[in-house]
Amino acid sequence: MKGIHDPDEALSLFHEYYQMGYKHDYPSFSSLIYKLAKSRNFEAVETLLGVLQNLNIHCKETLFCALFQHYGKAHLSEKAVELFRKMPCFNCVCTVQSLNSVLNVLVDNNRFGDAKEIFDESKEMGFRPNSVTFNVMIKGLLNGAEFDEACNMFDEMLERNVEPSVVTYNSFISFLCKKGEVEKAKKLFEDMVKKGKYPNAVTYALLMEGLCSLGEYKEAKKLMFDMEYKGCKTKVIHFGVLMSYLGKKGEIEEAKSLLSEMKKRRFKPDVVIYNILVNYLCKESKVEEAYKVLIEMQVKGCEPNAATYRMMVDGFCNVGDFEGALKVLNVTLKSRHCPRSETFCRLVAGLLRCGKVDGACF
């Protein structure tokens, strides 16, 4: 079953073996359920779950956590809740991992009220919330700009003897920086260090973004170098924060200089870094230069993504070079990336205006 990639083919084979008298075990069921959930064939998933329940086969918790996530991605969070509440019927041992998984799905789908309801019931259900549980709830409150309530949740966390993690502090620092309250974020940063919680790469990236949002580029860059002295290694993401700021300010040459600095320090630029350059070069109408960046990243073994190609096609269209845009679009299609419909429409309209009727016929 694992070797079959097509979910419909796998389902057909599953039924075929069943009709031949073969008794499927849990690995066969779970392998097929994973495939069907990924393809969003939830009707078949629920049928198989019903069979599992009737056969009283012991199920692993990881299967349900994965299904919660697939329901969440399909914006069917109510299905995730329904399955969560039915888990005991599947001969499955539920732990706090299941609780955290379903809460996260609800929060990510803007269903904090439902998440709070389950959180409040969790003690009666036999769960002991851990730091991940509280982090999810704090994330949900901050997503809704409920800062005071998030602080109350933090206090409850301490009252219940649950130790805050770096992720907990990062959530608050991220919120404060986005609100432009960088000084408060810096104080929280200092507070976490005093309490023995050492900032990680994400913490520094969040603070750097906050500083850049206030135009304090030099301080952000200084923080990137200071972090290494404090035992936290600089990563590609930190260069990305600085390059994004420089791009927004139109300081493309400085951004390119930072890329050179990255390479000298033996950091390997990823697709995000290259996309930053491509994006801002195209916005400055330096499309040929952006195209050279596209070629460079491929030569260096960094695969462009859909966003890279989209920005290049749009960039060529913006300067009226529709043949250049068509060339990139053809590469996009060969690489199995699907351009947006508006990109197609814009390019076709441009080619027709230029009398390139053959080029407009895909």
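We count from 1, first residue shown onward.
Placed from the backbone N, Cα and C atoms, the Cβ positions cover glycine too.
Any TrEMBL annotation is an automated prediction that lacks curation.
According to TrEMBL, the protein has these features:
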REPEAT    95-129  repeat 'PPR'
REPEAT    130-164  repeat 'PPR'
REPEAT    165-199  repeat 'PPR'
REPEAT    200-234  repeat 'PPR'
REPEAT    235-269  repeat 'PPR'
REPEAT    270-304  repeat 'PPR'
REPEAT    305-339  repeat 'PPR'
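In the repeat 'PPR' (270-304), helix, strand and coil residues by DSSP number 26 helix, 0 strand, 9 coil. Same-chain residues lying 6 or more positions outside the repeat 'PPR' (130-164) and placing a CB less than 8 Å from one of its CB atoms are 96, 99-100, 103-104, 106-107, 110, 112, 115-116, 119, 122, 171-172, 174-175, 197. Confidence across the repeat 'PPR' (305-339), taken as the mean pLDDT and rounded to a whole number, stands at 85.
Across the repeat 'PPR' (200-234), DSSP classifies residues as 26 helix, 0 strand, 9 coil. Secondary structure of the repeat 'PPR' (130-164), assigned with DSSP and counted as helix (H, G, I), strand (E, B) and coil, comes to 26 helix, 0 strand, 9 coil.
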